[in-house]
């Protein structure tokens with residue numbers, strides 16, 4: 001579809017250079033190869049950034065550069081093979097690279113929005129252990145003897161399982177362990193206070209959870225970036 005639109009409209013002076021049939025072939029080749037190259041390097045950059053706390057703007061910029069620069073080089077090679085060396089100047093290459101990065105960033109935004117939509121549609125595995133009436137926003141997990149207390153915006157429930165397994169089942173929610181017996185969803189932290197040398201996290205449910213020194217530094221960094 002993209003190659004058809006580009007082939008018919010003939011952007012970047014290709015309307016004047018080519019007749020319709022060669023123009024369609026040219027844009028089909030460009031669209032197919034640049035899409036494959038962009039997806040490959042964009043996914044590579046996304047996987048490299050996975051699990052690392054980075055602001056969204058920086059993620060988009062890094063993915064855009066990682067995908068855009070190779071795409072610009074591919075377009076350069078295709079144009080060189082098609083038109084010859086005389087087509088290219090320093091300013092033309094800079095313009096090509098700039099637009100390739102911008103387009104790659106735009107595609108990255110669409111992928112992130114699409115992934116976010118999928119995450120919203122599929123609840124974390126831990127919520128499937130709850131009665132239907134309690135399946136809602138996940139606030140926290142806490143150890144109680146051999147059980148894990150799962151706290152959501154609709155109430156609490158005890159599940160017999162290991163705490164480490166419960167944390168693994170929160171995949172899809174930005175959260176972290178703050179104590180050997182507590183995990184909290186970062187978006188549901190209402191406040192962090194200190195009293196008598198102890199750090200306490202309060203969730204929107206009103207529950208107060210202690211933060212051990214082991215996790216204090218990680219929590220501070222997570223809240224700054226979240």
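Placed from the backbone N, Cα and C atoms, the Cβ positions cover glycine too.
TrEMBL does not curate its annotations; it predicts them automatically.
Sequence annotations record features per position, and here TrEMBL assigns transmembrane segment to 24-44, 56-78, 90-114. Among the features that TrEMBL reports, domain 'HTH LytTR-type' is placed at 136-225.
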Quiz item: the domain 'HTH LytTR-type' (136-225): mean pLDDT?
Solution: 92
Exercise. Tell me the residue counts in helix, strand and coil for the domain 'HTH LytTR-type' (136-225), as DSSP assigns them.
Key: 22 helix, 45 strand, 23 coil
